[in-house]
Ligand SMILES: CC(C)(C)[C@H](NC(=O)Nc1cc(F)cc(F)c1)C(=O)N(CC(=O)NO)CC1CCCC1
Ligand SMILES: [Zn+2]
């Protein structure tokens with residue numbers, strides 16, 4: 001079971017490398033890594049387990065963050081709908097994820113971003129695509145194509161960045177971290 005000690009932190013060169021495509025059929029090890037990453041997120045969002053295992057509440061994790069240089073990510077975006085609190089907004093282990101198209105409009109989180117691999121606050125708007133069309137393979141190798149917007153779209157873009165050695169603060173305007181062009185959607 002993964003815990004925070006398995007997550008590499010900034011300074012580790014792996015976070016700045018480009019991860020390799022995953023070949024199908026997956027090895028049992030690759031399937032286990034994917035399941036372990038999703039389990040980590042679920043544990044991190046369970047108050048008891050998060051406290052017991054000292055986990056930061058995570059919504060996404062990319063394999064390079066556990067020092068595995070493969071193009072696989074796990075996402076677990078909790079429901080924002082109090083009517084259906086137990087149905088995640090977007091959840092799964094995505095292999096070879098790829099943004100195949102995106103909106104002209106950009107978006108950012110009003111509170112900026114953090115990262116499980118970054119143990120410090122880096123203030124500033126992280127401008128991303130507001131909506132994306134995402135292609136990925138599931139663990140059987142079947143290709144899926146989904147359109148995402150709002151928070152799930154931000155999470156997936158943050159995780160795909162990790163597969164390309166990009167950190168969230170690379171997107172922050174160093175001269176004026178809170179500068180925004182017209183038309184950028186601020187998500188709260
Ligand atoms: C860095 C950290 C603050 C831990 C961030 N967590 C987060 O946003 N918490 C959260 C949000 C919820 F809506 C429900 C919940 F249960 C917990 C996170 O997991 N990530 C993922 C990461 O570091 N991946 O590499 C950072 C986010 C910043 C924008 C998208 C992902
Ligand atoms: Zn991150």
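Every residue gets a Cβ built from N, Cα and C, even glycine.
Just so you know, TrEMBL annotations are computer predictions that nobody has curated.
Counting Cβ atoms from all protein chains shown, residue 162 (Fe cation binding site) has 24 others lying within 10 Å of its own Cβ. The feature Fe cation binding site is assigned by TrEMBL to 115, 158, 162.
Here residue 159 (active site) comes close to 60, 61, 62, 73, 75, 97: these same-chain residues lie at least six apart in sequence, with C-beta atoms under 8 angstroms from its C-beta. Feature annotation from TrEMBL assigns active site to 159.
Excluding 115, 158, 162, which define the Fe cation site, the same chain contributes 60, 62, 65, 113, 116, 117, 159, 161, 167, 168 within 8 Å (Cβ to the Cβ centroid), listed in sequence order. Counting Cβ atoms from all protein chains shown, residue 115 (Fe cation binding site) has 23 others lying within 10 Å of its own Cβ.
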